[in-house]
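Participant: Quick one: the structure is below, questions incoming.
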Amino acid sequence: MAESQQVDLYGQNTPLPIFIMPIVFGGITMLIVIKGIVNQLLDQFKADYRMLAILGATVNALAAILGIQIGIVSGVSALLGGVIALPLTRFCYVWLQQIVGPQMLPNMSIHFSFMALLLTVILASLIAGSGGFWHARHQLKDGNKHPSHRRRIVCRIKMIVLLMVVIGLIIKLAMQIMTLTYVGQSEKVIVGLGNSVGNLNLVLFLLLILITLTGQTVLKLASRGLYWLGARTLFLNLAAHDIDYAVKKYLPLYTPVTIIAVLITGMSAIMWNIPAYTNTTSANNERLVNFILTIGLYLGAPLLIVLANVLATMLVAKEDNDQQMRQLQLLGLTQQQLLLTQQLNVVILVGVSLVASLLAGGLVWGLTIHVGRTILHQAPISMSALLAGPFLMASSMFCLLTIVNVFRVYHGNWLTKE
């Protein structure tokens with residue numbers, strides 16, 4: 001908790017947003033990544049849940065069990081994170097204050113508060129637990145039903161209609177932005193700039209929905225394309241077939257990482273190319289500040305949550321992965337060949353995520369450049385705003401998955417006894 005007699009926490013230059021916004025973005029990200037974890041847990045322990053259902057447990061009871069388990073784990077993680085957050089918060093606040101100046105971030109004392117730590121644990125447990133309960137209840141209800149052919153067709157039609165609506169809105173907003181013309185008057189500039197930024201944020205939001213809806217299809221198409229291209233390459237075929245066959249296992253890795261990459265690209269492009277000032281020196285300073293705030297603060301918490309989700313997903317899927325590698329070893333593959341196969345999985349997954357995030361983020365980046373050049377007559381082309389998010393997430397996921405694969409292949413307990 002931060003307290004100071006010299007700081008007005010509700011004034012014009014209050015530092016509260018840099019503490020509140022990570023909580024908001026982090027909470028939203030937590031709800032997004034929980035769905036994938038819930039699906040994996042239900043699949044991993046489906047025999048146990050089936051036994052509980054036979055003993056008389058209802059769908060709500062099973063969902064509550066899973067929600068409580070996720071809530072407890074999240075609460076313990078929040079407790080550990082809260083302990084190490086105090087020194088990190090002090091360091092980051094001083095560092096940001098040196099960049100933006102004491103006028104934007106005034107001097108304030110940051111000290112430990114047991115009540116703040118307790119609220120953090122409770123909030124994390126409630127968000128994770130309620131999200132886990134809701135997703136588990138939804139999945140268990142659908143799992144108990146045996147959809148008919150007619151119902152599957154209806155679901156596909158609904159998905160196609162939803163995709164058409166989302167894509168149509170993106171095209172409409174993009175065309176509306178591209179038809180902007182220079183107005184010349186200061187009042188019209190402010191109005192036009194506000195409308196354009198609103199449209200850009202809508203495009204960004206719709207792109208995130210599109211990524212979520214098309215994740216499974218994109219991974220399947222990419223893996224089948226690589227399977228066809230590498231028809232004579234054994235290890236590439238194994239990796240591509242694994243992603244195609246077990247696409248739901250890789251979806252919790254692909255979707256959150258791609259979403260955060262596009263968010264970083266879109267928000268960085270908007271804050272870099274559309275400054276509040278029109279003076280060159282002031283604009284350059286504000287671009288730098290906005291870029292740092294975007295990546296370091298607003299998206300810092302979602303970034304950490306997504307990277308933690310990568311590790312959690314791999315840990316939950318450990319048993320299935322060990323069984324798969326055990327089967328491949330029985331077929332004669334060496335440890336080096338097993339590692340190569342696992343790394344090709346990572347390369348395909350990271351590559352598809354990188355291409356998708358570059359395409360989606362590139363659209364927002366290009367539209368932002370057009371708005372800046374049309375309304376403000378200044379839009380310096382910054383490749384960092386386009387490339388930072390996708391390559392940051394791709395490299396982070398590649399490094400994490402590589403470490404997991406190396407440890408699992410060379411130090412795992414899946415090896416068959418000779």
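Yeah, the Cβs are placed from backbone N, Cα and C, and that goes for glycine too.
Taken from TrEMBL, the feature transmembrane segment covers 16-38, 59-88, 108-136, 157-182, 253-272, 292-317, 338-365, 385-407.
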Participant: Is the count of Cβ pairs under 8 Å between the transmembrane segment (253-272) and the transmembrane segment (385-407), pairs 6 or more apart in sequence, 3 or more?
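Facilitator: Contact criterion met.
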Participant: Most CB pairs under 8 Å with the transmembrane segment (385-407): which of 59-88, 108-136, 157-182, 338-365?
Facilitator: 338-365
Participant: Cβ under 8 Å to the transmembrane segment (108-136), counting only same-chain residues 6 or more beyond its ends: which ones?
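Facilitator: Contacts of the transmembrane segment (108-136) (Cβ under 8 Å, skipping residues fewer than 6 from its ends): 1-4, 6-7, 15, 23, 27, 30-31, 34-35, 37-39, 41-42, 62-64, 66-75, 77-79, 81-83, 86, 89-90, 93.
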